[in-house]
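The Zn(2+) binding site annotation in Swiss-Prot covers His82, His84, His240, Asp330. Per Swiss-Prot, the feature substrate binding site maps to His84, Ala85, Pro86, Gln87, Arg213, Phe214, His240, Ile241, Ser242, Glu243, Asp330; the stated evidence is similarity to another entry. For Ser453, the entry in Swiss-Prot reads phosphoserine, with the evidence type a large-scale study or a structure entry.
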Amino acid sequence: MCAARRRELALIFRGTFVHSTWTCPMEVLRDHLLGVSDSGKIVFLEESSQQEKLAKEWCFKPCEIRELSHHEFFMPGLVDTHIHAPQYAFAGSNVDLPLLDWLNKYTFPTEKRFQSTDVAEEVYTRVVRRTLKNGTTTACYFGTIHTDSSLILAEITDKFGQRAFVGKVCMDLNNTVPEYKETTEESVKETERFVSEMLQKNYSRVKPIVTPRFSLSCTETLMSELGNIAKTHDLYIQSHISENREEIEAVKSLYPGYKNYTDVYDKNNLLTNKTVMAHGCYLSEEELNVFSERGASIAHCPNSNLSLSSGLLNVLDVLKHKVKIGLGTDVAGGYSYSMLDAIRRAVMVSNVLLINKVNEKSLTLKEVFRLATLGGSQALGLDREIGNFEVGKDFDALLINPRASDSPIDLFCGDFVGDISEAVIQKFLYLGDDRNIEEVYVGGKQVVPFSSSV
């Protein structure tokens, strides 16, 4: 029995583990032992005082335990619930226009270039490498309208070991850049091909997601057909909603027969318990209630909302309505690919709402940490698999070293009281970057540093 149990154990760590639960936004577990099976599952997380008991049960020796230094800690992998992979080509630039003008001047012309699979291969390889290196273990990607390029994105995410949803964008309306759209029939047919080929690949951690860009770029026929495809294959759906005021007015003008923006998606089979909608800055009480009833999720993208002067999402109000919510970078409307940036911006936006007396309190850093990990996993329907270090979940994790070479963080004697203090964790969340993320694990497999095969 001992030999059989031993074969199941692949990794054993001893040190500090920081994660969230639904009752505690940030739990710091000092001097704990965590074991990972060869299938990548967490099989135990207990105080180190239980080492002898665990060693007997799992048949390991003390020399097989990897001991973290007193300033290192593990945290769950970050979950980016909304990112446009092709827009990484111009991330960090061109955030000088409001949403609709920005789409027409920068985004659509850039995405049109992805009809070239060579362009797709270069940009998608770089964005997956960059996001993984910055701790994004799970990403919900928009591709472009090009099926073959979107399939390349899925292939690359699988090759690098990132957990992901990948969507082929659908749009049969685009009067301003007419060369970047499909016919309704093409969009439906190509989405079916994309889904079929993705499912045939049977990737272990990369799944297709139905992706109507937003109501302004999709006819009712297309939206309804996409809803049917999602239902037939039991797939997740992603899109945008209520990002800025001009967009909302345009939706009212295009679809006057609906009660509101949410109703457009709801009546066309696109608002389900497998839907994640980006932004939602201006959703009404009625709309939030519908989101809650349907079980749909929101991806909060604070960098993009600020950079394009779109709006300020009231996360506390969303949570009050019991709507699932995670964080997104929204590259490239959000100029940063880092989920640490999303954490910081989410705190700042909440502080602004407090300053303006919209709310009587603001989100804490700990609460936003939960949004970026466990909250994001719930928004994408993965909270039974990832999001924290509960036994039975996959080991998606980041090894954080605040004292890494050339670290942007300075630590002082007062930051340590025996073991790592919460001040060190806060310093990483506010000041840290990829230099502090020494190792990245997805499903128990170390994916950063990168292997020579990718």
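Cβ atoms are placed via backbone N, Cα and C, with glycine included.
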Compile a sequence-ordered list of residues in the same chain as Asp330 (Zn(2+) binding site), six or more apart from it, whose Cβ lies below 8 A from its Cβ; state 'none' when nothing qualifies.
His82, Ile83, His84, Ala278, His279, Ala299, Cys301, Asn303, Ser304
What is the one among the recorded positions Ser242, Ser453 whose Cβ has the most other Cβ atoms less than or equal to 10 Å away?
Ser242
His240 (Zn(2+) binding site) versus recorded positions Pro86, Arg213, Ser453 - nearest by Cα:
Arg213
Secondary-structure category, per DSSP, in which the residue listed as 'phosphoserine' falls:
coil
Spatially, and counting Cα to Cα, which of the binding-site residues is closest to the residue listed as 'phosphoserine'? Options: Pro86, Arg213, Ser242.
Pro86
Once the chains shown are all counted, how many other Cβ atoms turn up within 10 Å of the Cβ of His84 (Zn(2+) binding site)?
28
Output, ordered by sequence, the same-chain residues six or more apart from Pro86 (substrate binding site) with a CB under 8 Å from its CB, or 'none'.
Thr110, Glu111, Phe114, Ala120, Val123, Tyr124, Phe142, Gly143, Thr144, Ser149
What is the total of other Cβ atoms whose distance to the Cβ of His82 (Zn(2+) binding site) is within 10 Å?
31
